[in-house]
Amino acid sequence: MTITPQEALQRTIEHREIFHDEMLHLMRLIMRGDMSPVMAAAIITGLRVKKETIGEIAAAATVMREFANHVEVQDNSNFVDIVGTGGDGSHTFNISTASMFVTAAAGAKVAKHGNRGVSSKSGSADVLEALGVNIDLQSDQVAASIAETGMGFMFAPNHHPAMKNIAAVRRELGVRTIFNILGPLTNPAGAPNQLMGVFHPDLVGIQVRVMQRLGAQHVLVVYGKDGMDEVSLGAATLVGELRDGKVHEYEIHPEDFGLQMVSNRTLKVENADESRTMMLGALDNQPSVAREIVTLNAGTALYAANVAESIADGIQLAREAIASGKARAKVDELVRFTQQFKR
């Protein structure tokens with residue numbers, strides 16, 4: 001039985017759950033542009049106020065995946081997405097993007113799904129452009145990039161065209177809604193493994209269980225207790241891990257891996273060019289907090305990708321990838337490969 005938008009709104013006002021099939025129906029209306037902007041705004045705000053459930057988020061992500069332009073990847077082994085929800089307000093350089101190069105250099109395949117900066121001074125798309133990467137690729141070109149270089153960047157607007165039907169509503173509302181947490185759940189290449197950073201501690205347990213429902217294989221959802229949507233050097237990090245169908249939640253500390261706890265203040269940047277400079281310094285093996293946090297996050301991603309047996313092993317592989325120059329070489333490789341498709 002379908003639900004009308006008005007009934008769904010009433011449900012959110014009463015703090016009652018919208019069931020799976022109902023949420024599928026509502027989300028399809030939104031993605032097709034068949035729901036009025038007023039009703040769409042009211043429902044997504046109502047969901048936020050009552051707090052979205054795991055079931056509601058999983059259903060919404062299922063529909064977003066349905067409407068996406070998919071990237072077909074033949075070999076799913078050691079295939080990982082490194083992504084953050086953003087919105088953590090930390091204004092750091094692009095740690096997950098830097099980690100992509102290290103993770104690929106150490107033997108994983110990385111499908112990075114990202115956008116321009118919204119809350120940050122530099123989104124993943126902005127810094128990749130500053131590096132010289134052509135981000136405007138078709139789905140088959142992204143697939144070729146993953147096969148050839150071990151990395152592919154999927155610029156979100158190219159892969160989620162239906163999002164234009166809710167873009168104006170989201171912009172005018174100006175508050176976080178369910179759509180802020182759907183991006184990391186809707187990788188167009190369907191990477192079965194993931195390192196996902198989130199902007200709130202409550203989302204660690206929620207997002208990892210959403211990924212469990214969506215059939216993911218090995219996922220680590222992380223929240224740095226200093227507010228970062230990354231594995232942090234400045235505080236303990238909360239982890240929700242999905243492996244072999246089971247969820248475990250725990251805390252990790254930099255000292256667990258022989259790293260020094262140090263403030264993330266030195267990682268702040270004002271724009272994409274500053275982010276590019278800091279990233280290249282880390283990949284060039286210049287001793288810095290930037291290098292250490294990239295090593296930590298890439299090591300965690302290598303564990304998520306099942307290249308490493310543990311985060312500690314992953315960190316060792318990441319160190320070797322940076323020290324050998326392989327990680328830095330991956331930047332030039334991605335630039336060269338993507339520029340051939342420049343239109």
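Glycine is no exception: its Cβ is also placed from the backbone N, Cα and C atoms.
Keep in mind it's a predicted model, so treat the numbers as computed, not measured.
Per Swiss-Prot, 5-phospho-alpha-D-ribose 1-diphosphate binding site is recorded for Gly84, 87-88, Thr92, 94-97, 112-120, Ser124. Neighbour count (other Cβ atoms within 10 Å of the Cβ, all protein chains): 17 for Asn115 (anthranilate 1 binding site).
In the three-state DSSP scheme, Asn115 (anthranilate 1 binding site) falls into the coil class. Annotated anthranilate 1 binding site per Swiss-Prot: Gly84, Asn115, in sequence order.
Every protein chain shown contributes to the tally, and the Cβ of Ser96 (5-phospho-alpha-D-ribose 1-diphosphate binding site) ends up with 26 other Cβ atoms within 10 Å. Marked as Mg(2+) 1 binding site by Swiss-Prot on the basis of sequence analysis: Ser96, Glu230.
Arg170 (anthranilate 2 binding site) falls within a helix when secondary structure is assigned with DSSP. Applying an 8 A CB threshold to same-chain residues 6+ apart, the list for Arg170 (anthranilate 2 binding site) reads Ile44, Thr177, Phe179. Per Swiss-Prot, the feature anthranilate 2 binding site maps to Arg170.
Summarising the annotation, Swiss-Prot assigns Mg(2+) 2 binding site to Asp229, Glu230 and lists sequence analysis as the type of evidence. With a cut-off of 8 Å between CB atoms and residues at least 6 apart in sequence, the same chain places Gly84, Thr92, Ile95, Ser96, Gly197, Val222, Gly224, Ile293, Asn297 near Glu230 (Mg(2+) 1 binding site), listed in sequence order. DSSP assigns Glu230 (Mg(2+) 1 binding site) to coil, not to a helix or a strand.
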Nearest-integer angstrom distance between the alpha carbons (Cα) of Arg116 (5-phospho-alpha-D-ribose 1-diphosphate binding site) and Asp229 (Mg(2+) 2 binding site): 16
DSSP three-state assignment for Thr92 (5-phospho-alpha-D-ribose 1-diphosphate binding site): strand
Asn115 (anthranilate 1 binding site) and Asp229 (Mg(2+) 2 binding site), distance between Cα atoms, whole Å: 16
Cβ-Cβ distance under 8 Å to His113 (5-phospho-alpha-D-ribose 1-diphosphate binding site), same chain, at least six residues away: Asp81, Val83, Met154, Ala156, His159, Gly183, Pro184, Thr186, Asn187, Pro188, Ala189
